Amino acid sequence: MRNMITMGEFIVKKQADYPTATGELTSLLSSIRLAAKVVNREINKAGLADIIGSMGAENVQGEVQQKLDVYANERFKAALEARGEVCGIASEEEEDFVSFDSELSRHSKYVVLIDPLDGSSNIDVNVSVGTIFSIYRRLSAPGTGVTLEDFLQPGNRQVAAGYVVYGSSTMLVYTTGFGVNGFTYDPSIGCFCLSHENIRIPEEGKIYSINEGNYIKFPDGVKKYLKYCQERDEATHRPYTSRYIGSLVSDFHRNLLKGGIYIYPSGTNSPNGKLRLLYECNPMAFLVEQAGGKASDGFGRIMDIQPTALHQRTPYFVGSTKMVERAEAFMREFSAHEDPANQG
């Protein structure tokens, strides 16, 4: 039996490799880990408690807030504020960023952007849901109040990013820019334990994930790419398999381990796509690039986009490098008019 390594031990060991490390990021990741355990507990008993269903209100995205959305948002906010290693957060569930104003928080150097519970509308039918997080160094001076500009940074400036998938087992996957590692929660000891070390996404995959019910609304480039995926060709091992859960974390997690592409394109009713650049796309882009994959808006690198708004949306193509590059080629050939570079 191999030695069990907890996430806490793993992070401390990695920190020891950098003598100048102060431990603030280690403490911050510990806070996220703690909140994930609390949310996991509530999800596991959701069917027995009065937390399934909607609150009857909408969040800033215009989506009906689920009770667990609100619960998860509050738990992560509380955990991140408690230790003072974060000066503020931006959440998919909040209209504006949240500033933490304790003396310790104001002098901290990190901000966190988070989707507290991705896919929560599926919780009452027992489909896996998740949490997505992203960490940046603030741009404003420590000791001052956090500003909007601290959050509106391109993804290539991320310090760390990760997600938690709450499913048949609960798993936390993260990167600090030195590879991707996954930790599975062991409820018997209350710890996340290293289960997937140095995750690498296959360069080529056989899975495509997209909501084909929206096919009629897709750009021509996406329609042509889907046709390519469905055509038989032994040389390229086609047709590919279609797998779509409707929870970004779950679909991304499967494709990360098995190889594949996840697509949420623009549409006639959503010209900028649906997914949020800051809360969903950038964190997953950082992870997939660190694992050897690629993330794009169909024409260019997701992490090079300069955000202009907290809740900005973007088309999204993420997964195995060769699959994403092939999808980009179809977009350039058949949907070039949608490329922002070609628009005034």
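Glycine too: its Cβ is placed from the backbone N, Cα and C atoms.
What Swiss-Prot records for GLU92, ASP115, LEU117 is Mg(2+) 1 binding site, and it gives sequence analysis as the kind of evidence. Feature annotation from Swiss-Prot assigns Mg(2+) 2 binding site to ASP115, ASP118, GLU280; the stated evidence is sequence analysis. Residues or ranges marked as substrate binding site by Swiss-Prot on the basis of sequence analysis: ASP118, GLY119, SER120, SER121, ASN211, TYR244, LYS274.
Positions of Swiss-Prot features highlighted on the structure.
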residue: ASP115; record: Mg(2+) 1 binding site; contacts (Cβ under 8 Å, 6+ apart): SER91, GLU92, THR131, ILE132, PHE133, ARG276, TYR279, GLU280
residue: ASP118; record: Mg(2+) 2 binding site; contacts (Cβ under 8 Å, 6+ apart): VAL129, GLY130, THR131, ILE132, TYR163, SER247, LEU248, VAL249, GLU280
residue: GLY119; record: substrate binding site; contacts (Cβ under 8 Å, 6+ apart): VAL127, SER128, VAL129, GLY130, ILE245, GLY246, SER247, LEU248, VAL249, SER250
residue: ASN211; record: substrate binding site; contacts (Cβ under 8 Å, 6+ apart): TYR244, GLY246, TYR264
residue: LYS274; record: substrate binding site; contacts (Cβ under 8 Å, 6+ apart): TYR264, ARG313
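Between the candidate binding-site residues, SER120, SER121, the densest Cβ environment within 10 Å is the one around SER120. All protein chains included, GLU280 (Mg(2+) 2 binding site) registers 26 other Cβ atoms within 10 Å of its own Cβ. Fewest other C-beta atoms within 10 Å: among the binding-site residues GLU92, TYR244, that description fits TYR244. Sequence-ordered, the extra residues of this chain that approach the Mg(2+) 1 site, with Cβ no more than 8 Å from the Cβ center of GLU92, ASP115, LEU117, are ASP69, ALA72, ASN73, SER91, GLU93, ILE114, PRO116, ASP118, SER120, THR131, ILE132, TYR279, GLU280. In this structure, LEU117 (Mg(2+) 1 binding site) is part of a beta strand by DSSP. Around the Cβ of LEU117 (Mg(2+) 1 binding site), 31 further Cβ atoms fall within 10 Å across all displayed protein chains. Here substrate is bound by ASP118, GLY119, SER120, SER121, ASN211, TYR244, LYS274 per the record. The longest Cα to Cα distance in that group is 17 Å.
Same-chain residues with CB within 8 A of the center of the ASP115, ASP118, GLU280 CB atoms, the Mg(2+) 2 site residues themselves not counted, are GLU92, GLY119, GLY130, THR131, ILE132, LEU248, VAL249, LEU275, ARG276, TYR279, PRO283.
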